[in-house]
Amino acid sequence: MATHQKRKLAEGRKHQNMQNDTKASQGQWGRAWEVDSFSLASILFLLMFAPLTVYYFIMSCTHYQCALTDPLLDLLTGNKHLSDIWNRTPMLTYRAAGIYFLWVTFQVVLYVFIPDFCHKFLPGYVGGVQEGAVTPAGVVNKYEINGLQAWIITHVLWFANASCFHFFSPTIIFDNWIPLLWCANILGYAVSTLAMIKGYFFPTNAKDCKFTGNFFYDYMMGIEFNPRIGKWFDFKLFFNGRPGIVAWTLINLSFAAKQQELYSEVTNSMILVNVLQGIYVLDFFWNEAWYLKTIDICHDHFGWYLGWGDCVWLPYLYTLQGLYLVYHPVQLCTTHAIGVLILGLLGYYIFRTTNHQKDLFRRTNGNCRIWGKKPEYIECSYMSVDGTKYYSKLMTSGFWGWARHFNYTGDLMGSLAYCLACGFEHILPYFYIIYMTILLTHRCIRDEHRCSSKYGKDWKRYTAAVPHRLLPGIF
């Protein structure tokens, strides 16, 4: 009996060690295993106030001509009560619900049922079935890359309707903006709840799930790493790219159409916002296969943070410049307009070239030339949950020798250009650059904390070789 008991204790210790090893290894990716009090407080704050923030911005435009502080001043001085503002807010309508249902359904059809054909005739475009990065459990998922195709089909139909068919007004999105906000919130909460239930009861891959035991954290940050329905419907890829980013350019076009309707012209500032943000959207879909290697797909679990954020936060707050320009049309002087255009294009050039250098380096395993020279790099290793050892190379030349996240620097330059196109009368359109600065700085810190855990001493060698995060010589 004593021998049997010792064997059970030994097996128990072995099982516990295996769990600890799994946690340690998988802890290199994604969200945490355990929740500290600060993280929980942050999660609760975001769950409560992020939806209110979106409503506040949109309501400031519709009720207060985009004066961001006026609603708060009205409430603090007693001129208005919350009920007064709420009673003036358009509610959910059957028309908006029908529009939104048809929109999401159409994007699902384009995503799931129409294989990509763009890669067959567009030189340099990578579409069709592509492999993603290895997951913590050692799984390599396959994706149908057809976002560019979905964007083209959607916009061809949009312009065909505007010029020929006239089934609906090009201002339809602006005219139903707040009722559509309620629809987007319903979908965002529904898909986040579904993802959590799925993670508990029928996960796509149980080894790629993380449970903290804290309901709010698990709901916010997600349980499943890559939740899927069937073979091809991937929650992350669809919700990040299709309802939100395909809609981004349509939303801006609707705002431009409303400006034309109200003022009989489209200002150069609105054109700049449409062009610069349109370039960013097209870049996303042209490089959708590259997106499979980014932090969203490779590290984040799918929860409310991505589900609600993709449905509500992205389409409503990333388009504030266009919305602002409907209420405050700005005709920029030639010098200002050219300056904004140059800043936006330079930011895009840095963003795209930096990412291209990294992608070329990965695809060729370092057997390429960056700025006419063979790239320099540091070789690293890491372990997956199943104990398999993998090797990576971290480039230390080209733009990646200037700063560890120089692609984010280009992204921030483009973000600032969108805001500068709106002039200087109100702070509201500048929310985007403030938010993106916080978001990308936080991403830098998150990514580097994860890489430090993942690569250990190799990461210290890398940071010694490339000491700055975003701005060479400064930060």
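For all residues, glycine too, the Cβ spot is worked out from N, Cα and C.
Curation does not apply to TrEMBL; its annotations are automatic.
Owing to the predicted nature of the structure, the values given are computational and were not obtained by experimental measurement.
What TrEMBL says about this one:
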- 1-25: region 'Disordered' (REGION)
- 38-58: transmembrane segment (TRANSMEM)
- 92-114: transmembrane segment (TRANSMEM)
- 148-168: transmembrane segment (TRANSMEM)
- 180-201: transmembrane segment (TRANSMEM)
- 302-320: transmembrane segment (TRANSMEM)
- 332-351: transmembrane segment (TRANSMEM)
- 415-440: transmembrane segment (TRANSMEM)
In contact by Cβ distance (the transmembrane segment (148-168), the transmembrane segment (92-114); 3 or more pairs under 8 Å): yes
Selection from 38-58, 180-201, 302-320, 332-351, the stretch that has most Cβ pairs under 8 A to the transmembrane segment (415-440): 332-351
Long-range environment of the transmembrane segment (302-320) - Cβ separation under 8 angstroms, sequence gap at least 6: 46-47, 50-51, 53-54, 57-58, 61, 181, 184-185, 187-189, 191-192, 195-196, 218-227, 235-236, 239-240, 243-245, 247-248, 251-252, 255, 277, 296, 428-429, 431-432, 435
Remote residues contacting the transmembrane segment (332-351) - C-beta distance under 8 A, at least 6 residues beyond either end: 267-269, 272, 275-276, 279-280, 283, 399, 406-407, 409-418, 420-421, 423
